[in-house]
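All remarks here apply to the structure that follows.
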Amino acid sequence: MATEQTAITRATFDEVILPVYAPADFIPVKGKGSRVWDQQGKEYIDFAGGIAVTALGHCHPALVEALKSQGETLWHTSNVFTNEPALCLGRKLIDATFAERVLFMNSGTEANETAFKLARHYACVRHSPFKTKIIAFQNAFHGRSLFTVSVGGQPKYSDGFGPKPADIIHVPFNDLHAVKAVMDDHTCAVVVEPIQGEGGVQAATPEFLKGLRDLCDKHQALLVFDEVQCGMGRTGDLFAYMHYGVTPDILTSAKALGGGFPVSAMLTTQEIASAFHVGSHGSTYGGNPLACAVAGAAFDIINTPEVLQGIHTKRQQFVQHLQAIDEQFDIFSDIRGMGLLIGAELKPKYKGRARDFLYAGAEAGVMVLNAGADVMRFAPSLVVEEADINEGMQRFAQAVGKVVA
């Protein structure tokens, strides 16, 4: 909120925040559903969703009520004590998935850090202290801590911070032969996003994930699914593993889990969880009542046939608009993804210009994302209305027209 002494503008960002982001020139101040307004009152249609976070749009009444109600009851206890919202949310996740145990954290990075530590510790105590190899994939993204950014397969994020955690191997995504070539009995885990979000909205093939499951079983390694971006209804199933019919040993969830309130979770089986003991891992804020109350309300809405089945129809509407834009301007070489995580790859003549289309979209009143320099990404609310899709994509078409003119 602006103070009486100093007005808050985009320039304020450059004066007070570390230069690790390059935010848009406008500052959003209000949101409702799939609409956002900036300081000047300009309206935007939001197809970015806070990077696949605001799964029920902005200020959904059920989430607002959950936050208000819990905010008047209990905010924080730490994990010296437990709390009802965390236990209720944990039960909901376990009842709806393969998991038997859950640990709450605050971000996707923390959930993945937990998963990777557990995978290595489980291998150490159940098998051998030398079973430490983690196999991950090129162009993957698993977070920003030193461990998670090292497991992620993008040197632009991991280089320049000194020695990295050892025994992490990266191979091409969707290449089962490459995995077989490096996998052995020293492998503790294979870590994969069923859909690489930051890596260009690339979906794994069913054969690839099933092959990973078989290899993990053969070598007594754990299969870890990072569903931070593609989980919680984004694909049209509650979690992407359900679409593929491949069950992981560990699954991580964040982003849409809280509908905009920071919360994450690592899900696993009782057997694997038992490798941890009191003090093995933890978080001061993880599983706090405010976050879990909001996440519980979001879960109750997302995990319904009405919402999950509607995602497929909404996806088709987006794809039809993108196909029409491509017919008019000839800019996309591929339209891909799953559910409401959609990628549109730019043709070679527009290579490297995804940010140009993003900025033009904002100017036209629509918020979109890029996934690398060559892919436009759409991750709207799972309950975005048809009218918002139509109007927002019309605005995006206008933006495309200006860029290619």
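Just so you know, glycine gets a Cβ as well, placed from its N, Cα and C.
Lifted from Swiss-Prot, the feature list:
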BINDING   G108, T109, F141, D226, E227, V228, Q229, T284  pyridoxal 5'-phosphate binding site
BINDING   R144, S283  N(2)-acetyl-L-ornithine binding site
MOD_RES   K255  N6-(pyridoxal phosphate)lysine
F141 (pyridoxal 5'-phosphate binding site) CB neighbourhood, other CB atoms within 10 A: 23
T284 (pyridoxal 5'-phosphate binding site), number of other Cβ atoms within 10 Å: 10
Distance, R144 (N(2)-acetyl-L-ornithine binding site) to T109 (pyridoxal 5'-phosphate binding site) (CA atoms, angstrom): 6
Neighbourhood of K255 (N6-(pyridoxal phosphate)lysine) by C-beta distance under 8 A, where only residues 6 or more apart in the same chain count: G50, I51, A52, V53, A55, G108, V228, Q229, G231, M232
Pairwise Cα distance maximum in Å, pyridoxal 5'-phosphate-binding residues per record: G108, T109, F141, D226, E227, V228, Q229, T284: 25
S283 (N(2)-acetyl-L-ornithine binding site) versus E227 (pyridoxal 5'-phosphate binding site) - Cα distance in angstrom: 20
Under 8 Å by Cβ from R144 (N(2)-acetyl-L-ornithine binding site), counting only residues of that chain that are 6 or more apart: T109, Y157
Which listed residue (V228, S283) has most other Cβ within 10 Å, given these are binding-site residues: V228
Rounded Cα-Cα span from S283 (N(2)-acetyl-L-ornithine binding site) to F141 (pyridoxal 5'-phosphate binding site), Å: 22
Cβ-based isolation winner (fewest other Cβ atoms within 10 Å) among the binding-site residues D226, E227: E227
